[in-house]
Amino acid sequence: MDPGFSVDDIAPIAILMDELRSEDVQLRLNAIHRISTIALALGPERAREELIPFLQESVDDEDEVLLALAEELGREFHEYIGGPEFAHVLLGPLENLSAVEETLVRDKAAESITKISATLNQAQIEQYYIPLLQRLSRGEWFTSRTSSCALYAPVYDRVSPSLQDELRKSFASLGSDDTPMVRRAAAKWLGPLVKKFAKPHVLTDGLAVYRKLQADDQDSVRLLTVEDLIAIAQQLTPAEVKEQLLKPMRTTISDKSWRVRYMAASHFNELAEAVGQELVREELVGHYVQLLKDNEAEVRTAAAGQIPGFAKLLEKEVIQARIVPCVRDLCQDTSQHVRAALANQINGLAPLLGKDATIEHLLPLFLHLLKDEFPEVRLNIISKLEQVNEVIGIELLRDSLLPAIVELAEDKSWRVRQAIIEYIPLLATQLGKSFFDEQLGNLCMSWLGDTVYSIREAATVNLKKLTEVFGVDWAREQIVPKVVGMGQHPNYLYRMTTVQAITTIAPSLTLEIIRGDILETLLQLGGDTIPNIRFNVAKALEVLVETFGGTPDGRQLVQQKIIPVLDIEKNDQDADVRFFASHALQKAHEVFA
């Protein structure tokens with residue numbers, strides 16, 4: 001042993017090496033997650049000279065270990081080896097990781113190299129990063145060439161013009177690579193790179209690579225060029241887009257592969273915003289209608305998801321003439337997923353069409369979709385009705401849609417019932433007190449006895465919100481008697497719901513209502529035969545203590561009524577009851593502290 005080193009100096013690296021050579025994968029993984037600690041123990045110089053070379057040789061391991069290493073090196077690891085001026089040292093191990101077979105490891109290594117590039121100065125980039133990029137781009141195996149595609153954009157605008165020329169040529173050769181995986185990576189990363197190009201280079205190099213990839217014989221490459229098309233269009237004027245991109249745009253939207261058309265449909269709004277208003281009117285409306293009528297359900301689903309966004313770019317007359325007929329057809333679509341996507345977006349057309357056109361064209365479609373056999377379709381329509389309400393007004397909503405909403409309140413799918421419950425407070429605000437009591441009051445109470453717990457829970461929250469909308473006097477008259485009445489029900493679930501409803505709505509009520517109408521029932525339930533009810537009573541009493549214990553009258557109520565019941569419950573035979581009663585009792589005593 002070198003007399004210059006103590007055992008303490010050698011221990012960290014020796015332990016790491018031992019653990020990294022261990023047969024146990026978990027041990028090797030743990031060692032990798034601790035490399036920052038080990039680097040700290042070694043100090044910057046030894047970390048650079050011993051740890052990094054060791055890690056550089058450690059690429060023959062399980063994928064999960066390599067993935068962890070790639071991630072750790074990107075977590076500001078340069079701080080442990082002497083700061084940004086030595087950050088380039090980390091590129092060595094990451095270069096090796098960028099060439100391994102597992103895609104996840106390569107992607108994480110490329111991500112970490114990108115993070116490190118942000119800390120490098122121009123000299124470091126030109127001296128260390130660019131040679132690494134060139135080696136990866138010319139690598140014998142497709143894996144390194146694939147990884148290199150992600151590494152052009154982060155540094156392109158930070159190098160000299162002559163190096164930029166080289167980088168453009170090098171990227172162009174990756175776009176023409178023999179291996180589809182490399183061309184796919186080039187298509188994926190062309191968009192971010194083009195955004196860094198000067199305008200003349202977009203028109204020359206950027207377009208040349210894009211056209212080659214867009215005409216690729218592999219649809220997995222072509223589908224990735226949709227985002228490149230948008231990135232290039234954003235860099236050009238509408239006239240240049242028309243001249244340079246019109247033909248490839250048409251080709252992409254009508255591609256023979258449904259996957260490419262699906263990508264075009266998914267990004268249609270971004271494309272429309274990038275190409276300018278004139279091309280939208282002249283070209284894209286027709287193409288959009290074509291996608292809405294596509295023979296593949298996945299494409300129609302993606303196109304339906306873009307309806308309001310694209311319609312915002314059109315005049316009202318065009319929406320009525322071209323888009324609404326397609327929407328009408330999609331309401332009858334054979335695919336439930338298409339109808340669900342449409343139901344999620346169709347409401348967004350109401351503000352664009354205005355009241356009269358919405359009543360004439362959309363209202364019948366809303367009613368049709370509200371009666372759809374597929375629960376998700378009904379759910380999507382209900383959850384977005386607010387937009388329609390704002391356009392057509394409450395009277396029409398009440399007369400035409402309310403019967404359908406009431407019908408859905410008893411839907412066999414509990415998620416639909418839950419969506420209706422969540423919509424009720426908003427509806428209540430707009431309908432007014434008397435109409436609500438007449439049409440929906442009993443419905444709201446019936447949900448408290450639903451067979452599904454989530455519905456009962458949502459119903460209690462709904463009552464709290466309604467109390468906030470209509471006031472405590474209304475709650476005393478309409479809600480409290482019905483909730484308290486359920487406390488006498490022979491079925492324990494109803495009694496449990498009474499306790500939970502009281503717990504939820506109590507903070508919105510007054511002390512007078514609690515004392516006069518609610519407390520007696522709650523205290524009686526504290527002696528129920530079911531332990532679950534007894535401990536929920538303890539939780540409810542704790543809420544009452546926290547809500548009203550701050551006033552003299554509240555403290556008196558806690559002292560005279562609540563503490564005696566909790567004293568009995570804290571000695572209950574059930575452990576849960578004792579626990580919650582003791583917790584509530586502690587809160588009650590704090591009120592008097």
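A Cβ is built for glycine as well, from the same backbone N, Cα and C atoms used for every other residue.
Record features (TrEMBL):
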REPEAT    12-50  repeat 'HEAT'
REPEAT    245-283  repeat 'HEAT'
REPEAT    284-322  repeat 'HEAT'
REPEAT    323-361  repeat 'HEAT'
REPEAT    362-400  repeat 'HEAT'
DOMAIN    365-512  domain 'Phosphatase 2A Regulatory Subunit A helical'
REPEAT    401-439  repeat 'HEAT'
REPEAT    518-551  repeat 'HEAT'
REPEAT    562-593  repeat 'HEAT'
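Panel annotation: around the repeat 'HEAT' (284-322), residues 250, 253-254, 258, 261-262, 264-266, 268-269, 271-273, 275, 277, 329-330, 333-335, 337-338, 341-342, 344-346, 348-349, 352-354, 357, 361 of the same chain, lying at least six beyond its termini, place a Cβ under 8 Å from a Cβ of the stretch.
Residue counts for the repeat 'HEAT' (518-551) under DSSP (helix as H, G, I; strand as E, B; rest coil) come to 26 helix, 0 strand, 8 coil. Assigned with DSSP, the residues of the repeat 'HEAT' (401-439) fall into helix, strand and coil as follows: 33 helix, 0 strand, 6 coil.
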